[in-house]
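In what follows, a structure is listed as structure tokens, so that the remarks can point back to it.
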Amino acid sequence: MLAMNILHQEQLYTMETAIERDIIENANFAWSGHFGHKGILQVHSIADFWSWMRLGFLGLVVKPGWLYSEPAPDILGGPDMTSRPDMPTAWLFNGYERPAPVANEYLHYAKVISGIRMRQSVSGAGDFCVLPSLLDPALLSQWLAKPCFPSDLGLLSPEVHEAENFLGLQREEFLFPDLFTIQELTQQVLDMEDGCAYSNATGNACRCEWCSAGAQSLRPWIDEETSRVEISMVVYNAQYGSYTYVSVNFMFNRGGHIHSFIHCLSAFVNPFLRPGPELALTLVAATLWIGALLYALAAELTEIRGAIRNSNAGLRKALWEDYVGFYNMVDWSSIIVGSLAIGYYFQSRIAASAVNELLPSMIDASLKPDANYQSTVKEFFRAAEDMSKAKKDTELQLMFYPLIIMMRLFRSFEAQPRLALVSATLKTAAPDLGHFFMIFLCVYLCFVVSSLLFFGQDLESFSTMDRALHTSFLAMFGDWDWNAMTDVGMLRAAVWFWVFMVMMVLFMLNMLLAIIMDAYQMEKYKTSDATTLWQQILDMIERRRQYIRGERVRLTDVWKTFRRQYAGKEKAMLSSDQLLSVEYLVNTVTRMPEQQALRTMVHSLKRDDILTHGFMTEEQVNKHVEKTLGSMELKIKAILEDVEFINDKLDFFDRLLAPGDAEYDFYFGADGQSHDQASRLWIYNSITAISEELQQNFVRGIQRIGTWQDEFECEQTELADGLREFEQLLAQSLEALQELSNVVEGMDKEI
């Protein structure tokens with residue numbers, strides 16, 4: 001809100017677009033009757049430039065009178081407006097002090113303040129020609145008959161930073177509508193074109209200052225040394241209260257082509273000259289923003305102080321271990337960038353104030369030109385340049401700030417599980433994304449280099465590494481110029497394009513989406529039972545009501561209580577191994593109900609379990625279940641071996657001989673006991689031992705099964721099958737015991 005109310009980009013866009021379109025569409029040359037068939041985009045030679053300057057741009061900016069519509073052709077029988085001698089050249093409308101168009105008026109609602117400035121950058125002549133090594137340099141120099149003028153300007157279509165470079169410009173010339181008529185200004189342009197040759201031949205005064213200086217009296221203003229021409233003017237729009245620095249640039253590359261580029265830089269006289277409600281909203285927003293920056297600064301400094309106080313190590317180690325983190329760096333970035341934005345804004349306002357201070361003297365010089373007129377104009381242009389650059393720097397800083405705020409918002413979203421889903425997804429996918437992007441960048445850079453070598457000579461969008469990077473990136477997302485790509489050949493372009501689309505779009509981008517969606521599904525499963533934002537708000541309201549009624553205490557109060565116990569040393573508090581209980585919380589924290597203490601302990605244990613063990617992935621769960629089932633299989637195998645042993649023993653005793661047999665006496669004979677008593681005692685002890693061992697095994701097995709069932713609810717079906725197998729084994733064991741008991745009873749009856 002603050003940036004929108006201060007910058008008002010929509011108003012600046014309106015003014016700058018109107019100026020650019022006016023120059024592109026209406027500054028025409030190659031006239032045939034009332035139609036100019038060429039414009040600034042058709043300036044391809046030095047002669048075209050001077051035709052455009054004299055016949056198009058100059059008459060567009062310096063209007064001699066009120067313009068009327070074109071005459072109707074004879075076939076339509078319309079009136080010829082321009083042939084009527086009584087048509088007024090100016091109109092005095094209501095409220096006007098002078099007839100319109102007034103002096104220096106531009107596009108009806110703006111005024112050109114300081115005339116038109118023309119200057120250029122040149123590349124000096126020298127021995128810079130690239131010559132074949134087999135040729136004689138003297139012969140080739142004689143054949144060329146002129147030096148070389150190397151320059152990197154205009155190699156490709158101009159960019160904004162080239163138009164914003166005001167250094168190294170020379171051969172400065174001014175066209176002053178306040179001092180001269182349109183005819184005199186036209187003569188000045190002609191003198192600049194031919195180096196005052198015609199004026200000298202006819203005995204007229206030369207109006208080109210640079211052309212008539214020193215020994216260069218017969219040298220045109222533009223020659224083969226010229227690499228860039230800038231035509232600039234400062235326009236003031238009183239409707240919006242803004243300055244606009246208009247820069248029309250022509251880049252002369254050494255291939256013989258001329259690139260044209262129009263760039264406007266605007267700034268308001270005073271952004272706070274707004275209606276009352278808008279101004280109040282702007283001031284409130286500015287106050288809140290500066291207050292937020294100061295609060296963030298205070299919070300970070302407090303956190304730094306706490307980290308130093310709670311650490312027993314040195315300053316550097318304390319900051320590195322207990323303070324430095326990703327979101328702390330984000331907070332400091334927001335503070336630094338915000339402070340820089342404020343500083344750059346004040347710098348831009350100081351630069352605009354300098355222009356405002358020069359404006360009265362510029363207006364006086366325009367209304368009453370004197371000997372200091374030209375020096376005043378030069379000073380005003382320099383101030384306008386500084387204002388434009390300062391305004392651009394401010395916008396650049398303000399552009400970065402919302403991106404940093406976006407990172408801080410992710411930190412705030414982590415307080416709510418469902419809002420933290422995006423950042424949690426990125427964290428989960430980060431390892432896979434890191435490895436993926438290593439492959440992605442290698443493949444992508446190979447395609448970029450391939451496109452540079454393949455299309456660079458024929459397409460400007462692939463001619464440099466940075467342009468090829470950008471154009472290839474756009475192609476991945478469906479933005480390409482197929483007709484231009486076919487300049488290298490239909491089949492060749494199709495082969496490269498197919499391979500690029502299959503590898504980068506069908507494979508790489510879809511793999512990227514698969515990695516992200518896999519992590520998203522995992523995080524979505526984690527938060528499936530999390531509280532929604534709306535429910536959390538309702539819970540906060542309910543907790544507030546309970547706190548007012550004295551039914552609960554705030555968690556911050558609990559934190560402060562423990563913090564006081566450790567004298568404010570949070571690190572020692574968090575690393576303490578003191579055991580806590582519900583009773584301890586109730587007795588330690590003032591007014592804490594037992595129910596809240598119990599709930600807090602349960603939630604803390606759950607949170608600690610999550611932090612300790614984390615969330616098991618599907619693959620980890622499968623491995624753990626597989627390991628558990630393997631352990632159960634070993635236990636079951638041991639039980640089966642025990643049952644087989646019991647079965648062998650029972651079968652053995654079924655085949656024992658009658659009393660008096662040597663083998664029978666060996667097993668059942670004892671001192672002071674009869675054979676019958678010894679047999680019963682031995683059988684009783686064996687059955688008792690086997691029963692106790694089986695009982696212990698079954699109890700331990702059931703306990704373990706219960707534990708596994710609590711830990712792995714998702715595997716209840718498999719565990720239930722295991723329980724049923726245990727029940728079957730138990731039934732078989734009981735049947736075996738019953739059969740053994742029946743055998744003993746049968747032996748008693750026989751005896």
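Glycine too: its Cβ is placed from the backbone N, Cα and C atoms.
What TrEMBL lists as coiled coil is 723-750.
What TrEMBL lists as domain 'Polycystin cation channel PKD1/PKD2' is 403-521. Summarised as a single figure, the pLDDT of the domain 'Polycystin cation channel PKD1/PKD2' (403-521) averages 91.
Among the features that TrEMBL reports, transmembrane segment is placed at 279-302 (among others). Away from its own ends, the transmembrane segment (279-302) comes close to residues 1-2, 5-6, 272, 328, 331-332, 334-335, 338-339, 342 of its chain (Cβ-Cβ under 8 Å, at least six residues beyond either end).
Taken from TrEMBL, the feature transmembrane segment covers 433-455 (among others).
The transmembrane segment annotation in TrEMBL covers 495-516 (among others). With a threshold of 8 Å between CB atoms, the same-chain residues lying at least 6 positions outside the transmembrane segment (495-516) that come near it are 425, 429, 432-433, 436, 440, 443-444, 447, 450-451, 454, 472, 475-476, 480, 482, 485.
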- [ ] Determine which residues of the chain contact the transmembrane segment (433-455) at the Cβ level, with the cut-off under 8 Å and only residues 6 or more beyond its ends counted.
- [x] 426, 461-465, 468-469, 471-472, 485, 487-488, 492-493, 496, 500, 503-504, 508, 511-512, 515-516
Open item on the list: Summarise the domain 'Polycystin cation channel PKD1/PKD2' (403-521) as counts of helix, strand and coil residues per DSSP.
Closed with: 100 helix, 0 strand, 19 coil
